[in-house]
Structure formats: C-alpha cells, structure tokens
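Record features (Swiss-Prot):
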type     : residues : note
SIGNAL   : 1-17     : signal peptide
BINDING  : 33-57    : NAD(+) binding site
CARBOHYD : ASN161   : N-linked glycosylation site
BINDING  : SER164   : substrate binding site
ACT_SITE : TYR176   : active site, proton acceptor
Amino acid sequence: MWFYLVTLVGLYYLLRWYRERQVVSHLHDKYVFITGCDSGFGNLLARQLDRRGMRVLAACLTEKGAEELKSKTSDRLETVILDVTNTDSISAATQWVKEHVGDKGLWGLVNNAGVFQAFAYIEWCRPEDCMSIFQVNLIGLAQVTLSMLFLVKKARGRIVNVSSVLGRVALFGGFYSCSKYGVEAFSDVLRREIRDFGVKVSIIEPGSFKTRMTDAELIIEKTKKTWEATPEHIRESYGQQFFDDFCNTTRRELKKCSTNLSLVTDCMEHALTSKYPRTRYSAGWDARLFFIPLSYLPTSLVDCLLAISRRKPAQAV
C-alpha cells in the first residue's frame with residue numbers, strides 16, 4: 001500500500017517538474033511591463049529578463065531610478081515614470097505601453113510596486129496611514145491592472161502580482177498585512193474571471209528579503225514616529241517597555257532578511273516564461289518552512305502560538 005502511495009506521489013512531482021520546465025516560444029518578441037523598478041525585486045527582474053532577450057518596459061517612480069536601470073541594461077529595455085497612486089500617470093503609462101507593443105499586445109504585467117511603512121500595531125496608526133499603504137499596495141495595483149488588461153488579453157499573456165507571506169498569515173504590524181490580503185483576493189478573483197480569455201494570473205509570496213523597503217533602521221525610525229504621535233492613553237495601555245521590546249524584536253527579525261533576491265525574481269521569471277505557471281509561488285525558506293505551513297493550521301492554534309511569542313502589554317487582562 002505504502003509503496004503504491006509513494007510511487008503515485010513521486011510520479012506526480014515528476015510530471016509537475018516536466019511540465020514546469022516547458023518554456024513558451026519566441027520570448028524575444030514578448031513585451032513585459034514591470035512596476036517598481038527603481039530598486040529591489042523589480043529592478044533585478046528587469047535586468048534578468050533583459051539578459052534573457054525579452055522586451056522589458058520598466059516603470060520607475062523617479063528619473064534617477066530609470067537612468068540607473070538604463071545604464072545597466074541593453075538598448076532593448078525602455079523606461080517610463082509611473083506613480084501608481086496617480087490615475088493620470090497610469091493612463092499615460094498605459095498609452096506609452098500601447099504604442100510600444102502595437103498589435104502584439106502585452107505578454108506580461110508584473111505588479112511589483114509596493115510600500116512598507118511603519119511596523120506598528122493598528123491601534124497606533126492613523127486613518128491616513130491605512131489609506132496611504134492601501135493606495136499603493138492594493139488600489140494602485142488594481143488600477144494598473146484594469147488599465148492594461150485589454151493589452152494582456154490581446155496577447156493571451158500573464159499577470160504577476162507581488163503579494164507577501166503576510167498575505168497568507170496575519171502577524172502583528174498594522175495595515176501592510178491587510179493590504180496584501182487584498183492583493184491575494186484580487187488576484188484570485190481576477191484569475192477566475194479572465195481564464196476563459198487565455199490569461200494566466202500568478203501570485204508571488206516572498207518571505208523576508210533585504211531591500212530598501214525592509215531597511216531595519218528606517219522602519220524603526222518610522223515606527224517610533226508613529227508611536228510618538230499615538231494618543232497618550234493608548235501608549236499607557238501598552239507601556240514603554242512593551243514598545244521597546246517590540247522595536248528590538250522587529251530590528252532583530254529584519255536583520256535576518258535574505259540578501260538573495262533572485263529567489264523571488266526566479267519565481268517571477270518562471271511565471272512569465274513557463275507554459276504552465278503556478279498559481280502561487282512561495283519564495284524564501286522562511287516562507288516555505290514557516291509561514292505557509294502556519295497558514296494551514298487552525299486559526300485558534302495560530303493565535304495561541306503568536307500570543308506566547310511576545311510580551312504582554314502593560315494593561316493586559
């Protein structure tokens with residue numbers, strides 16, 4: 001019995017390995033639009049796909065970021081300035097992409113742009129903190145997708161949305177996780193709605209990686225500013241010792257971030273170039289061995305595990 005079961009499992013993974021190694025043809029003719037290319041995952045992916053001969057259309061937030069990227073790539077790569085929170089900027093970028101791709105359509109749309117602000121409890125945050133992070137991580141992503149979807153449908157291409165393991169497991173830390181849960185839901189709905197048009201949607205769920213967005217000292221500085229702006233009665237309920245311990249733990253965990261960004265960009269590249277891309281890609285050992293398994297446990301058990309891993313607030317009952 002066990003022999004047959006192990007054999008079936010082995011055959012399944014062998015078949016999946018074979019399917020996933022099959023690559024789409026004529027990659028050098030395919031256009032890919034990537035947001036958030038100033039640094040981090042987007043920057044590395046743009047260079048990675050350019051080396052592979054694909055037609056990369058890289059969106060950067062700043063002129064400086066665009067110029068630095070152009071200096072490291074071939075003449076095939078084109079850049080455009082894009083602010084995903086600005087509808088006029090999105091419309092202009094869409095028209096620019098349309099002019100470049102012509103009748104071929106857009107093979108790949110990679111929604112990579114994102115922000116990670118203060119790592120703070122929700123009660124410490126202001127309503128505008130919620131809006132600013134949702135505006136980039138979720139609303140901007142949705143607006144870019146809706147604006148360029150007709151071009152992707154024309155090519156029967158791919159949409160790759162960058163989420164996070166915090167879109168699978170809600171840990172302490174405010175609205176970032178909330179925005180990534182939104183990305184997961186948006187991507188699932190979109191995938192099911194447009195599959196009949198030949199468009200495939202993949203979600204990238206990175207673990208902890210060292211980018212500008214996860215700079216420990218910058219995040220701690222923002223967290224302290226958020227704490228200082230929190231009403232006194234809320235700060236008293238948590239206590240200064242709780243906050244200091246929270247900052248120390250955050251700093252310690254952020255400094256463990258992996259520097260191997262290619263673990264993420266390789267997943268993105270596979271989603272764009274494989275004939276049979278996955279629905280979800282978990283990137284990083286912490287994602288695969290901790291966060292994703294944690295997401296399958298009963299919610300009550302996860303709550304208990306997280307509760308015993310942190311200091312209790314000063315006025316906890």
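All residue numbers here begin at 1 and follow the chain in the order shown.
Using the three backbone atoms N, Cα and C, a Cβ is placed for every residue, glycine included.
Under the three-state DSSP scheme, PHE33 (NAD(+) binding site) falls in the strand class. Packing around PHE33 (NAD(+) binding site) is summarised by its Cβ count: 29 other Cβ atoms lie within 10 angstroms of its Cβ, all protein chains included. In the structure shown, the C-beta of PHE41 has more C-beta neighbours within 10 angstroms than that of any other entry among the recorded positions PHE41, TYR176. Taking the Cα of LEU57 (NAD(+) binding site) as the reference point, the closest of the recorded positions ASN161, SER164, TYR176 is ASN161.
For the recorded site, ASN161 (N-linked glycosylation site), the DSSP three-state label reads strand.
For the pair the residue listed as 'substrate binding site' and CYS37 (NAD(+) binding site), the C-alpha distance works out to 18 angstrom. Taking CA atoms as the reference points, PHE33 (NAD(+) binding site) and ASN161 (N-linked glycosylation site) are 12 Å apart. Here the C-alpha separation of CYS37 (NAD(+) binding site) and ASN161 (N-linked glycosylation site) works out to 14 Å.
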